[in-house]
Each structure stands twice: as C-alpha cells, then as structure tokens.
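*Asks:* Below, the features straight out of TrEMBL:
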TRANSMEM  B:16-36  transmembrane segment
DOMAIN    B:17-435  domain 'DUF112'
TRANSMEM  B:42-65  transmembrane segment
TRANSMEM  B:107-132  transmembrane segment
TRANSMEM  B:144-176  transmembrane segment
TRANSMEM  B:196-217  transmembrane segment
TRANSMEM  B:320-339  transmembrane segment
TRANSMEM  B:351-374  transmembrane segment
TRANSMEM  B:386-403  transmembrane segment
TRANSMEM  B:423-443  transmembrane segment
TRANSMEM  B:464-483  transmembrane segment
Amino acid sequence: MDPEFRGDMDHHDGTSDALPGGYVEKRRPGELGFAVFLTVASLGLLYSAYGISGFKALSSPGSIPMATSLVMVISALVVAVRTARLPRVAGETLSKDILPMMVVVFVGFLVLFGVLLKPLGFLPTAALFLIAAFKLLSGKSWAHALTMAFVSLLVIWLVFRILFTVLLPAGIVPEAEFIQIFRNFFSGKG
Amino acid sequence: METLLAILTVFTQPQLLMLVGVGTFAGIYIGAIPGLSVTMAVSILISFTFSWEVLPAISLMVGIYMGGVYGGSRTAILLNIPGAPSAIATAMDGYPMAQKGAAGEAIGVTTVMSFFGGLIGILVLALAAPFVSEFALTFQPRDYMLLAVLGILLVGSLSSGSLVKGIFAGAFGIAIGAVGRDPLTFAERFTFDFKIMEGGISFIAVMIGMFGVSEALQQLQNVNMKSVRQKIDRIVPSFGTIRKYLPLSLQTSSIGVIIGALPGTGGDIAALMAYDHAKRVTKEPDVPFGEGAMEGLVAPETANNAAVGGAFIPMMTLGIPGDAVTAIMIGALFIHGLNPGPMLMIDQPDMFWFIVGALLTANVFMLIFGLTGIRIFTKIVEMPRSIIIPLILLLSIVGAYAVNNSITDVYWMLGFGVFGYFMRHYGYPLGPVILGVILSRLLDDNWRRAIISEREDLGRFFEGIVTSPLSLVLFVSVIMIFVSQTPLWTAMKNRLFGRATT
C-alpha cells in the first residue's frame with residue numbers, strides 16, 4: 001500500500017475521516033468549476049473584508065479577515081490554474097460520480113426536514129424522513145421501512161430525549177404529557 | 001496527593017466510570033463501522049452533552065476518542081478499510097494476516113499493543129504537560145499566533161496531498177471563525193448586513209456539517225456495498241508474543257507521543273512514521289513487510305494510541321489542537337466554559353488530572369472490550385448502510401438544532417455539509433477548516449495584542465521575532481512549509497539530494 005494513498009472513496013468501499021478524495025494527477029468533472037467558484041467567492045470575501053476597516057491600522061478588526069481572504073484568493077487561484085492544466089478523469093461524469101440523483105434527493109429531504117421541524121414537531125418529521133429514506137435506500141418493502149423507522153426512532157427518542165435531555169420541538173405530538181406518564185410508570189406511581 | 005485524588009475522581013463516581021466505559025465501547029464500534037468516524041461522533045456528541053455537567057460530558061468524549069482510535073484498526077485488519085486515518089498503516093500488514101486466517105491473532109496483538117502505546121502516551125502527557133504549560137507562560141502573543149498558523153498549515157500539508165488546498169481550507173476556517181461582531185471593537189465582519197450573521201456561525205454547525213452530513217452524503221454512493229465476513233479465532237495473544245515485540249513497541253510509542261505532541265500532526269502521521277521505523281530496524285522479520293509481518297502491525301498501533309496522549313499536550317497546555325478530533329475536543333471544552341491553555345493548568349489543575357484519569361480508564365476499558373465480545377462485534381459491523389446513513393443524517397440535524405434550539409443552525413449545517421461534500425470530492429482536506437474555525441479567535445486576538453504592543457510597527461514586530469529563539473524557530477518553520485511548495489524547493493532538493501534519491 002502506498003503511504004501517500006489517502007483513499008479513493010468513490011470507487012471502493014472506503015470509510016473516510018477527514019480524508020479528501022480526488023486525484024492528484026487528474027481533474028474530476030466539475031473540479032475546475034469549483035475552483036473558479038472558490039476564487040470568485042474569495043474575491044468577494046476580500047472585498048467585504050476591505051470594507052470592515054480598510055487599511056486603517058495593523059491592529060484594526062479588518063486586518064485578519066483581510067489577510068485570510070487574501071490567502072484564500074491566492075490559494076484558490078493557484079488551485080484553479082493547476083487544475084486547469086490537468087487532464088480530465090476518463091469515464092467520470094458529473095451526474096454519475098460527483099452529484100448523483102440520490103445525493104440531490106437527500107439534500108432535498110434535509111431541507112424539507114428543516115422546514116417541517118418547527119410546525120410539525122420532531123417525532124412526526126423524523127418518522128417521515130426515516131420511512132422515506134429507508135424505503136428509498138434499502139429498496140425493500142414498506143413494512144420493512146416502517147418497522148425499521150419505528151424501532152430506530154423509538155431508540156433515538158429514548159436515548160436523546162430521556163438520557164441526554166435534548167429539547168426538541170414538540171409540534172403536534174403531546175410529548176411532555178407522554179414523558180410524564182413514562183416517569184410516573186418508572187417511579188411506580190403509574 | 002491532591003493530584004492523585006483528582007486522577008481517581010473517575011472511580012469515586014460510578015456514573016463517570018460507566019460513562020467512560022460506554023464511551024470507549026461506543027468508540028470502538030464507531031471507529032469500526034465503515035461510514036462512521038470518531039470525528040463525526042465527537043462533533044455530534046458535543047451538542048448532545050451540551051446541557052450536561054462538565055465531568056460526565058468529558059468522560060464520555062474521552063472514552064469515544066480513545067476507543068475510536070483503536071476501533072479503526074479492526075476494519076483495517078478485517079476488511080482492508082482503515083476505519084480512521086490513523087489506521088491506514090495498520091492495513092498494510094493487518095489485512096494480509098487476516099487473509100492468512102490469523103485475523104484473531106492480529107486483533108489480539110493490536111489490542112494489547114494499543115493499550116501499551118496508549119498507556120505510554122498518557123504517562124508522557126501527565127509528566128510533560130505541567131512543564132510545557134509553565135514554559136507556555138513565557139510565550140508572547142506573537143508566539144501563539146505563529147503556533148496557530150503552524151498548526152493549521154501542518155494539518156493542511158500532512159493530512160493530504162495538496163498543501164495549497166490545505167492552505168485554502170485553513171484560511172476558509174479562519175474566515176468562518178471571524179464572522180459576526182468583532183469582540184473588541186464591535187465592528188461587523190463578513191455579516192453582509194444580515195442580522196442572522198451578527199452572532200457568528202456556530203462552530204458546532206460547521207463541524208457536524210463537515211464531518212457528519214458531508215460524510216453521510218458521500219456514503220450514499222456506496223450504499224449497496226456488501227460487507228465481507230471474516231472468521232475470527234483465538235484473540236488473546238500469548239505472553240511470549242508480547243514480550244518479543246516489547247522493545248519495538250517502546251520505540252514506536254515514543255515516536256507516537258512526539259509526533260502527536262507536535263501541533264498539527266496526529267495519529268495518522270505517527271502511525272506511518274512508526275511503520276517506517278519498524279521497517280528500518282527489523283532486519284530479519286519472520287514474514288516480509290506487507291505480507292503480514294507482526295512488526296508492521298505493532299508499530300502503527302502503538303504509535304497511534306500513544307499519539308492520543310501526545311496530542312492532548314498542546315491541546316491542554318497551549319489551546320492548540322493537533323488534528324481535527326482534538327480541535328473538536330477543544331470546542332467541547334469551550335462549550336463547557338473551560339479555556340484550554342496554560343492558565344487551565346494553573347486555575348483548574350483538577351480538571352487536567354481528571355482528564356488524565358479518564359484517559360487512563362478509557363485505555364483499560366479499551367483493553368477489556370477489545371479482547372472480548374468479538375462475536376457481537378462482527379454482527380454490528382455488518383449493519384447495512386441503508387440504515388446507518390439516514391440515522392447519521394437524523395442525528396446531525398438533532399445535534400445542530402439542540403445547541404441553540406435554532407433552525408438557522410440546521411441550515412448552516414446543511415450548507416456546510418453540501419460544501420464539505422464537494423470539498424471531499426475535489427481533494428480539499430476538511431481538518432484545516434475546523435482547526436481554522438477553532439483557532440480564528442486566538443489568532444486574531446494574539447495578532448492584535450502583538451502588533452499593539454509593538455506600537456503598530458511591523459519592523460519592531462519582526463525584530464521581536466528575530467531576537468526571540470522560540471519565535472524565530474516557529475517563524476522559520478512557517479516559512480519552510482511555504483517554500484516547500486514552490487519550484488525553488490524542488491530545485492534545491494534536486495541539487496542537494498539529487499544523487500541519493502535519483
């Protein structure tokens with residue numbers, strides 16, 4: 001195994017930590033676009049950082065933001081130029097390897113989760129999300145997805161609501177009353 | 001005496017002891033399940049333990065950290081998939097051993113050696129940290145600033161291929177950390193006149209997004225991957241085996257502690273260097289390296305666990321994390337109102353000794369859990385990803401929401417998750433981003449303190465650097481890292497070493 005090898009997470013069964021993917025000698029689909037985007041965004045940040053306090057003093061609140069955004073602009077530019085020179089990876093497409101439909105769908109799920117969390121409450125939203133996700137990913141029956149969602153949600157709720165005492169939006173479910181029943185049950189009063 | 005009492009706090013409260021145990025147990029499995037990582041687990045857990053008392057929260061996280069570093073080696077041996085970066089070197093000889101049917105022996109030796117390395121790391125931490133923190137009191141603000149820059153640069157350059165991408169990631173992190181109102185002058189920075197951004201971006205949202213959501217999204221691509229089953233036999237290694245590799249493990253543990261203690265370098269580098277060392281000093285291995293040599297297993301495993309203790313040294317004494325996980329641990333300490341740095345050792349020595357005690361306990365638990373429960377282990381690791389991924393995403397959302405009870409944080413997390421997803425794909429390291437976010441404040445404060453004390457005079461500032469040996473060493477190191485990226489360095493290297501390396 002090459003010590004420089006840091007994992008190619010897309011085409012083998014690799015777990016990753018903070019390991020970046022990508023190839024050293026080749027350019028993946030969209031990589032150049034990303035680098036250009038970073039350069040432009042960094043330029044925007046640099047402009048914004050200049051607006052904080054300009055070149056007033058070395059100790060002004062804007063000096064570190066200006067320095068960091070300048071570093072960002074330069075490094076992003078270097079990356080963009082280097083990337084542009086590399087040959088493209090053969091056989092990879094943006095829709096297949098970088099941004100498959102499944103990822104887009106899940107990002108959509110998560111956005112929806114955020115929208116529904118407050119009005120609907122944690123339990124119904126999480127249940128909907130889990131059922132949809134399990135069904136979509138496992139490709140097994142609805143019964144399977146429903147059972148798995150129910151079991152895992154119950155465990156999560158017990159662990160986090162009771163053990164970690166995390167406050168979650170109750171929404172339409174009368175959660176507090178339910179916990180009270182639960183507590184009474186355990187203290188022998190129920 | 002008081003020190004001893006503080007170390008033993010863990011044992012006086014059964015609840016804490018249990019939490020360390022549960023944490024270690026969970027850490028081993030999290031480290032071992034493909035698709036879950038310690039970094040992810042600790043960043044999500046910070047938000048859940050947010051409302052806890054300090055001691056239980058730290059007990060749990062220390063356990064997870066220690067267990068996770070060890071757990072990554074399991075999958076490296078069984079499946080050739082390092083569960084954590086620090087287990088990359090373990091796979092080189094561990095997997096060939098498993099292929100030959102010696103998986104049990106490999107796991108047994110790994111466990112005992114990890115325990116051994118961990119112990120040495122913690123001992124060094126306990127002995128060295130008080131001195132380092134005393135020394136750190138003499139640090140000037142500019143030294144802190146340089147150390148922070150050095151840490152971010154080292155994480156960027158050593159944890160991945162491209163340093164330029166690492167530098168970008170680090171600078172990006174510092175910029176994220178600067179968002180909001182400046183604590184000194186109250187000037188708005190990077191808020192783009194949005195009210196929401198005045199309070200800054202919650203670093204927990206950034207962490208969970210980068211290490212939880214982006215990871216889970218990436219795993220969606222290998223959701224149908226089947227896990228491979230391996231037969232495991234006897235695991236407890238014989239005393240003779242242990243004694244045979246003891247001298248080597250002592251050397252590699254020292255490597256681990258030293259590498260771990262350098263800001264910016266953690267268990268992954270330590271393990272690779274130790275592997276290299278073992279290769280050099282073992283003249284006649286029973287089995288050649290790369291084909292299942294026991295030495296190739298002992299070296300990285302002792303080193304990466306020794307690096308845990310090492311990494312806590314700069315984290316506790318200087319407030320400068322060694323890698324992404326310690327950066328997140330620092331975030332956890334911040335949240336509980338602790339301020340890692342030389343003053344922590346002076347104001348709250350008990351807290352330091354408590355952490356040492358918790359680490360020691362976690363190390364013992366690691367040995368116990370590592371040598372038992374192998375059957376359950378194989379079951380849990382085979383959990384399908386179609387179940388794991390939605391659960392990670394759900395926990396990420398709950399975690400991001402729980403800290404401030406705000407939906408805004410959930411959206412930040414999502415945004416950074418998607419951004420981190422692209423960064424992963426295009427080879428940008430994520431570690432430096434987190435380091436940058438955590439160190440942003442320290443960097444900013446110390447730069448301003450340093451330059452104000454030199455009356456805004458850059459000339460005097462550099463004079464200060466040149467005349468202080470410590471600042472000079474740090475400054476030269478920072479410059480060296482930059483130079484190593486320019487064509488100048490390659491040309492110089494060719495002239496100097498051209499003949500030797502060809």
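All residue numbers here begin at 1 and follow the chain in the order shown.
From the backbone N, Cα and C atoms, a Cβ is placed for every residue, glycine too.
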*Asks:* Relative to the transmembrane segment (B:16-36), which of B:196-217, B:320-339, B:351-374, B:386-403, B:464-483 accounts for the most Cβ pairs at distances under 8 Å?
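*Replies:* Checked against B:196-217, B:320-339, B:351-374, B:386-403, B:464-483; highest Cβ contact count belongs to B:351-374.
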*Asks:* Per the definition of 3+ C-beta pairs under 8 A with sequence separation of 6 or more, do the transmembrane segment (B:107-132) and the transmembrane segment (B:351-374) touch?
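*Replies:* They are in contact.
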*Asks:* Which listed range (B:320-339, B:351-374, B:386-403) shows the maximal number of Cβ pairs under 8 Å with respect to the transmembrane segment (B:196-217)?
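*Replies:* The stretch I would name here is B:386-403.
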